[in-house]
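**Q** Straight out of Swiss-Prot:
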BINDING   R53, T54, R103, H131, Q134, L266, P267  carbamoyl phosphate binding site
BINDING   K82, R164, R227  L-aspartate binding site
Amino acid sequence: MVGKSVVTLDGLSTNQILDLLHKAEYIDSHRKEIAHTCDGRVLATLFYEPSTRTRLSFETAMLRLGGKVIGFAGAQLASVTKGESIADTLKTVSNYVDVVAIRHPKEGAALVASRAASVPVINAGDGGHMHPTQTLADLATLQSRFGRITDLTVGLCGDLTFGRTVHSLIETLCRFGNVRFVLISPDELKTPQYVIDRINATDSCSYVEVRDLASVIGDLDVLYMTRVQKERFFNEDDYLRLRDTYILDEEKLQLAKPSMAVLHPLPRVNEIAVDVDDDPRAAYFEQVKNGMLVRMALESTVVGDELPGYEPLNPKEVQA
């Protein structure tokens with residue numbers, strides 16, 4: 001993985017993904033030992049789209065590893081306002097840094113960036129396409145909660161059309177197999193066909209599509225809530241009509257298993273009531289911490305800096 005860009009998780013083997021999760025666990029319990037792993041390294045965060053958590057998570061990850069950070073937040077702060085292409089920006093920035101994290105509203109932008117850059121590029125979200133590091137955070141949370149990322153019934157609820165985190169998670173879980181997906185959404189925000197095709201292509205995975213959360217919540221091991229994203233709508237009336245379709249509160253949680261985990265990529269609007277936050281099944285703030293840890297694992301890996309004392313799960317496979 002040294003020197004490789006991560007645009008989607010498809011470029012990583014399942015063993016490499018598992019090793020990143022294992023590495024994140026190691027980092028969490030060895031904070032002092034790894035604090036100088038990336039001394040002298042510089043990360044560029046090129047965020048053409050607004051973000052708080054993802055950008056701060058990438059930046060904190062490098063800072064906790066001993067490195068430094070440069071970058072911008074918002075297209076209005078970039079040379080794109082002068083007409084500069086993504087490719088030219090990446091060719092320029094590659095001369096300054098060791099690794100780039102890029103977020104862009106257009107699908108495919110991260111791939112364009114990775115082809116232009118001479119340093120590893122990590123996709124921090126490109127349009128409605130993919131968000132690989134959020135998926136790693138999701139997987140790390142499942143691993144922490146259940147000790148596994150297979151043999152689970154996973155409900156995904158809300159905006160399943162534009163939610164890039166949903167698409168990334170489904171496609172990656174299909175690679176590991178043995179997952180039952182319950183896709184909960186209004187007809188206007190159903191899962192795209194290419195994601196359904198991915199589930200159908202995996203013999204050990206299955207899915208059902210439903211509109212009613214309450215009717216299926218008792219069957220779920222995981223409930224992955226999403227917000228209806230206003231920025232993806234051209235018509236505000238459509239957004240307002242769909243915004244409050246699904247709201248998880250303590251009343252609905254009473255129908256769920258005591259062991260169920262509630263995940264959410266954040267930010268939330270009103271789709272999870274605040275009274276759910278204190279429920280032991282609420283795992284979305286754990287995801288935030290896990291997101292930083294997996295980004296620390298990924299950043300140190302792609303620049304080739306080894307964590308002191310860390311033993312890979314399968315050295316030959318992981319180093320490929």
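Glycine residues also receive a Cβ, built from the backbone N, Cα and C atoms like all the rest.
For each listed feature, how buried is it and what is near it?
**A** Within the same chain, the residues at least 6 positions away from R53 (carbamoyl phosphate binding site) whose Cβ sits under 8 Å from its Cβ are L266, P267, V288, G291, listed in sequence order.
The secondary structure of R164 (L-aspartate binding site), as reduced to three states from DSSP, is helical.
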**Q** Round to a whole number and give the Cα-to-Cα distance in Å for the pair T54 (carbamoyl phosphate binding site) and R227 (L-aspartate binding site).
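**A** About 16 Å separate the Cα atoms of these two residues.
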**Q** Quick one: pull the CA-CA distance for Q134 (carbamoyl phosphate binding site) versus R227 (L-aspartate binding site), whole Å only.
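**A** Per the Cα atoms, Q134 (carbamoyl phosphate binding site) and R227 (L-aspartate binding site) stand 15 Å apart.
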**Q** Select the most exposed residue of R103, H131, R164, R227, where exposure means the fewest other Cβ atoms within 10 Å, treating these as the binding-site residues.
**A** R227
**Q** Specify the count of other C-beta atoms within 10 Å of the C-beta of Q134 (carbamoyl phosphate binding site).
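**A** Result for Q134 (carbamoyl phosphate binding site): 25 other Cβ atoms within 10 Å.
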